[in-house]
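Annotation source Swiss-Prot lists disulfide bond at Cys2-Cys16, Cys3-Cys12, Cys8-Cys15. Annotation source Swiss-Prot lists methionine sulfoxide at Met10.
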Amino acid sequence: GCCHIIACRMGCSPCCW
């Protein structure tokens, strides 16, 4: 659950990469 742009930029979510 953290696919938001902020989470992406914080390196939180693999689904964003």
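Note: Cβ is positioned from N, Cα and C throughout, glycine not excepted.
Structure coloured by features recorded in Swiss-Prot.
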residue: Cys3; record: disulfide bond; Cβ neighbours (10 Å): 11
residue: Cys8; record: disulfide bond; Cβ neighbours (10 Å): 15
residue: Met10; record: methionine sulfoxide; Cβ neighbours (10 Å): 11
residue: Cys12; record: disulfide bond; Cβ neighbours (10 Å): 14
Per DSSP, three-state class assigned to Cys3 (disulfide bond): coil
Three-state secondary structure, Cys12 (disulfide bond) (per DSSP): coil
